[in-house]
Amino acid sequence: MSGYDGGYSGGGGRGGGGYGGGGYGRDRGGDRGGDRNGGGFGGRSNGNGYGGGGYGGGGGGYGGGGFGGGAGGDRMGALGSGLKNQEWDINSLPKFEKSFYKEHPDVETRSDADVEAFRRKHQMTIAGSNVPKPVETFDEAGFPRYVMDEVKAQGFPAPTAIQSQGWPMALSGRDVVGIAETGSGKTLTYCLPSIVHINAQPLLAPGDGPIVLVLAPTRELAVQIQEEMKKFGRSSRIRNTCVYGGVPKGPQIRDLSRGVEVCIATPGRLIDMLEAGKTNLRRVTYLVLDEADRMLDMGFEPQIRKIIGQIRPDRQTLMWSATWPKEVRALASDFLQDFIQVNIGSMELAANHRITQIVEVVTEMEKRDRMIKHMEKVMENKENKILIFVGTKRVADEITRFLRQDGWPALSIHGDKQQNERDWVLDQFKTGKSPIMVATDVASRGIDVRNITHVLNYDYPNNSEDYIHRIGRTGRAGAMGTAITLFTTDNQKQARDLVNVLQEAKQQIDPRLVEMTRYGGGGGRGYGGWGRGRGGGRANAHNANNMPIGNRRW
């Protein structure tokens, strides 16, 4: 059996047929270079998945790949040049249902004053004409029983703010813009209405593409969305697939050819599939753009426009974003019709107020020692998880090696890691087997790991928006969190913006940081510090995750 023969066990589709059994991994199983000295991640394949060997041993390079971009991932450039925008005659297109919302009696009788009070309490603002009232309970949302049973099985106490307002908006069939912080529950805000939408459409015929298309910026976010879709679409036997770069195309092509109601995709790989004729978007009537701001930041706008040009214009479109910059507004005005909008929280760039922000002004040479001091305190609690952000892939590997040599079970994730290594690292971090993860900015969005208690900015990012996205990995879903930032004179030009963020969130501010705001320019040159300190060095840094852990400190 060739590994990936199927992969989505059970389930089947609304029209019958299952995904079959099968494993995960193709015949060749292991990672390139994984068998030079035995061991390594994957080793030699046994034909059934990740192959023998452990995630240790010598050798084993992790080249290639790409993480939401780069070689092996979503290539850019001329991508989509083979796609022609479709000409649509609306009158000749098959009609479809998209309006399913029926206001619950309790919602209907709720006064305007009560509605306004609810919106104020949840920092909710709306825009557009005839925006439906928010719902306050799951029952008020009016989902069919097959959806509600799955929701209640998860044990959620009540809808989140974005769900309260977003569900009636999405179920009404209108085009929707939702602005809310990461971790606010927006995935379910569009997932559950999509299930209702799918079940109101004709069954897929052979050769049909998906009914629901979700575009996401990174593989990790795409996989997270797929997990939610699987969970809540199970009772409706809705089939889905995840289409992203950095892995073999064969299994994704197989899923698409068998027929799926839902396709979750990164733009680059989806365009590959469309150009190769492996799927089409003629049946798409429910389009979701998730983390639209991040997709534009990553340069996907031309690809998004190419993809939307393949979809009928009377579709329902839902756009979700953590921020509302002019680039996202322009995309919304081009592709959404008479849309209604909900914003949760301030429209200004602001940090989550449940996060305690600690900013220390240090020299470059002091950073490693300060990081260790914080680690010792944080990891006193064995339940804690810490995500460490660095500026480059090289530093990610250097810091990971340094931490492992110092006795800390750290692993790194960045754009030069193969997809199966990234998946393994994420799983180790999620399960707490390795509670310390070092990441570049490419991981600052789209990775949904619950219960991250601490974020440490070893290197400060290029702008305050990325700072807010980074620290937003903690303090999610109502929890408290802590963000620690090591700030050097090299970051001086960012000082004023950072002080503004800290003041807005009513945080304590290091007087030395305030002092920096009084001087312009880029600050001093710092002290370098590459490969210094305990166990530094760059030799063989690409193999940092295989580095043996020294005398354990955790």
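Glycine is no exception: its Cβ is also placed from the backbone N, Cα and C atoms.
In Swiss-Prot, the motif 'Q motif' annotation falls on 136-164 of the listed ranges 136-164, 165-193, 310-338, 455-483. The DSSP secondary structure for Gly183 (ATP binding site) is coil. Here the Cβ of Thr187 (ATP binding site) has 24 other Cβ atoms within 10 Å, regardless of which shown protein chain they belong to. For the motif 'DEAD box' (290-293), residue counts in helix, strand and coil come to 2 helix, 0 strand, 2 coil, using DSSP. With the fewest other C-beta atoms within 10 Å around its C-beta, Gly185 stands out among the binding-site residues Gly183, Gly185. Sequence-distant neighbours of Ala180 (ATP binding site): residues of the same chain at least 6 apart with a C-beta under 8 Å from its C-beta are Ala161, Ile162, Lys186, Trp320, Ala322, Val342, Asn343, Ile344, Gly345. Counting every protein chain shown, 19 other Cβ atoms lie within 10 Å of the Cβ of Glu181 (ATP binding site). Taking the centre of the Cβ atoms of Ala180, Glu181, Thr182, Gly183, Ser184, Gly185, Lys186, Thr187 as the ATP site, the nearby residues of that chain (Cβ within 8 Å, site residues left out) are Thr160, Ile162, Ala322, Arg476. Under a cutoff of 8 A between CB atoms, and with a sequence separation of 6+ in the same chain, the neighbours of Ser184 (ATP binding site) are Thr160, Ala161, Ile162, Ile344.
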